[in-house]
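A quick write-up on the structure given underneath.
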């Protein structure tokens, strides 16, 4: 079915539309009160340059019907999180204040401090502009609710609990001293506390305490009683602090050309406690209302705290739908307001002035960085007699540990700056044993073969190639590139420690001055690819270390393996289990249980099948 026919068949119904390019990649996700009117509008009449560029890449589209606009907005946000489409507005953190993070996606969630809010399923609370207030909050939380703070992911079973468990600050799920349901109750209580739902929390704690007492679980009831008293004390203090003000976020943004910056002031108890800002990508050509709507959806879908009132410098598109969505996320009413007078208008003007100032400062810094990078590239071109300015530079490195799990990495700089989205990593497939030269040749042959095959991830060829190593690695690289018919690309090797630069055709190294901007950019590129390779290699080692004999048993996938380890605690304990013990594990059947026994050298009748006495 061609696009015209699909457009003609669009329903007049709320939903989400998904635009695909010729490669099938998702390039834009949007929501609409009427899919028919909204999607057809892209292919009718004139649009802003960015929208026209997006439409020119649309080869196909699909849509999902929803009951109403709020449901469409929720689905739109989830799909944007999942696919990160090229033409949707996105926020890029420059810096942020610390948040409290609760890893709710884990079986036994942890509480942590973090400065980055990512889409990992965790809940985030904050930001905290005062280190003192953050420490006080954490101290209070750890005293009230004993949930774990360790870094184990996944949770590693232990025979004995840690010190925190002995002093009553952890329920010790690692030692099997608490079940998931009880632990989740504690986590839910923490979330209610951080959300400020103190009345609901007091009620919940009372009910849990009374239920524990009715079951004659007096130790648990006493712990809940102490938590209840502490929460009630905190509530009384906060009532006094909150009596003079209210909680709100104040949001504005500034734009200049393609650059845009969003700024949020956090007002708690009637006082501005801090701010956070984000750079907006993909906002050019959009109206101010569209940008504000995108900013709200992107920021609050991250799992951050949502106050009861959000003050806005510009009226967002679909304000009523966004307010309903935010209210659903918060679990209470959220008001979106564009003040016209009074102190709240003054606050928003201040936020906007700050946004303009921050954007100007950012643009000035970026211009200076671009000028510095260009000067370094010009110096590099002159010193090395390069045929053209090395705008795209690629570096390659090989990493291995005692000859095992060799990996390769490619880092990319464009105009002297890192371009992480273009970084690539390679698992070495054809080389056995430690052989950096052969591994490097495999990586380069795969990279340039992909370019010849028009793979969009490798389509852009470099103006300059840097190899982490000396003459040996350099010759291996050039040999491969010539065999691939790549053509002339200036290729150099940068040796560590003495920082000598090698080129093909001479054994005499080039020694650049230590203060040289050209050397500094090469060092940065070399160090970046080395870091990327080491990180990938470490991840592979950790993944290999977590493997066990269970991974080789048919029918035991990640989910079943997790259930087995949760039930028994370790592979050693599983090896002592009987068929009946295994069948007690959630999701287990007799066939797989028998395979596990066989894989562990046991028979289903309980006898050892190894033939040992």
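Note: Cβ is positioned from N, Cα and C throughout, glycine not excepted.
As annotated by Swiss-Prot, domain 'GIY-YIG' applies to 12-89. Sequence annotations record features per position, and here Swiss-Prot assigns domain 'UVR' to 199-234.
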**Complete:** If one takes Cβ-Cβ under 8 Å and requires six or more residues beyond its ends, the residues near the domain 'UVR' (199-234) are 140, 143-145, 168, 182, 185, 188-189, 192-193
**Message:** Please list the DSSP helix, strand and coil residue counts for the domain 'UVR' (199-234).
**Reply:** 33 helix, 0 strand, 3 coil
**Prompt:** What counts of helix, strand and coil residues does DSSP assign across the domain 'GIY-YIG' (12-89)?
**Reply:** 32 helix, 19 strand, 27 coil
